[in-house]
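Below: one structure, written as structure tokens.
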Ligand SMILES: NC(=O)C1=CN([C@@H]2O[C@H](COP(=O)(O)OP(=O)(O)OC[C@H]3O[C@@H](n4cnc5c(N)ncnc54)[C@H](OP(=O)(O)O)[C@@H]3O)[C@@H](O)[C@H]2O)[C@@H](O)CC1
Ligand SMILES: Nc1ncnc2c1ncn2[C@@H]1O[C@H](COP(=O)(O)OP(=O)(O)O)[C@@H](O)[C@H]1O
């Protein structure tokens, strides 16, 4: 594979968020994540990752029934319960929010579908992951028609097949073509996750991420990655570069941790990853 296509810091280092001396939490980036029930771990993993990668404020909106579960194990993440679609809409409609994430642990349902469409209607950056992708398996065009602003879709091979109706091809060249076609169809950045992940933009750009160790094949690793992408989007990075940077940080964090990795271990490795990137940026 062409070396130029390999995801490396040179592709996005200059776009990483930088702190200003007068930064405040809202100016650093406000992430809004919809959490589901009963699978509550996934959105929590994503929220912590978004905060660790530098978002100044991360809010998790959760069904009232799940509030105590979420809130009892999160300190810096703000958990907001909602009772119904109207109260959720009020939480979504906060002009200070910079990027949204939906899908981890969301459940495949009409609620997930309509919530995803509501987020896309804002025109702000939206990351659509996991169940929020599968929820559109029977109606991908509805999703494609709804994309207005920057959008990142993050399927693994199974989710990609369900959403597009195409089983993943056997060769890397064909997989790249599939990812490129899907990015165009949905007018979004498409991250096809795997041992080598493919990052495709709607305008045809491609990067391949090959720094991920197989220890990442563990439940929740994708949820962390979705949180990283959202955190970088909230800080103003463009969708393609935010996705590439997040993939690289994710792989790097896993490599740094080494054997025995579970998804919770990734975010605590981020400060070291970010420190290394900051020193590269200063040279
Ligand atoms: N702690 C928590 O709360 C966690 C909650 N989580 C939440 O769980 C929900 C469901 O997530 P999910 O990933 O299990 O997806 P799902 O739609 O059931 O599809 C899986 C099927 O697809 C296929 N498949 C093919 N290729 C594949 C591949 N490369 N990687 C994976 N699968 C591949 C394979 O089928 P097969 O090919 O074997 O027939 C497989 O059976 C979602 O909300 C997520 O956020 C998790 O994140 C974990 C931590
Ligand atoms: N064999 C592997 N080698 C390297 N990275 C992998 C491997 N398997 C999975 N990954 C990475 O781990 C993450 C798994 O995400 P995903 O399948 O969405 O899991 P989950 O839904 O449990 O969070 C992706 O970033 C993927 O690229």
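Note: Cβ is positioned from N, Cα and C throughout, glycine not excepted.
Here is what TrEMBL says about this protein:
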- 42, 105, 156, 223: (6S)-NADPHX binding site (BINDING)
- 193, 194, 195, 196, 197, 222: AMP binding site (BINDING)
- 8-277: domain 'YjeF C-terminal' (DOMAIN)
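For residue 196 (AMP binding site), the nearest neighbour among the listed binding-site residues (42, 156, 223), judged by C-alpha distance, is 156. In the vicinity of ligand 1, defined as a Cβ distance under 6 Å, the following of the binding-site residues 156, 195, 196, 197 are placed: 156.
Within 10 Å of the C-beta atom of residue 222 (AMP binding site) sit 25 other C-beta atoms, taking all shown protein chains into account. Of all the binding-site residues given, namely 193, 194, 197, 222, those whose Cα is no farther than the 10 Å limit from the Cα of residue 42 ((6S)-NADPHX binding site) are 222. Taken over all pairs of the listed (6S)-NADPHX-binding residues (42, 105, 156, 223), the Cα spread reaches a maximum of 15 Å, rounded to the nearest whole number. In this structure, the binding-site residues under consideration are 42, 195, 196, and the one with the smallest number of other Cβ atoms within 10 Å of its Cβ is 195. Between residue 193 (AMP binding site) and residue 223 ((6S)-NADPHX binding site), the C-alpha separation comes to 12 Å. Checking the binding-site residues 42, 196, 222 for a CB within less than 6 Å of any atom of ligand 2 leaves 222, listed in sequence order.
The record assigns 193, 194, 195, 196, 197, 222 to the AMP site; their largest pairwise CA distance measures 13 Å.
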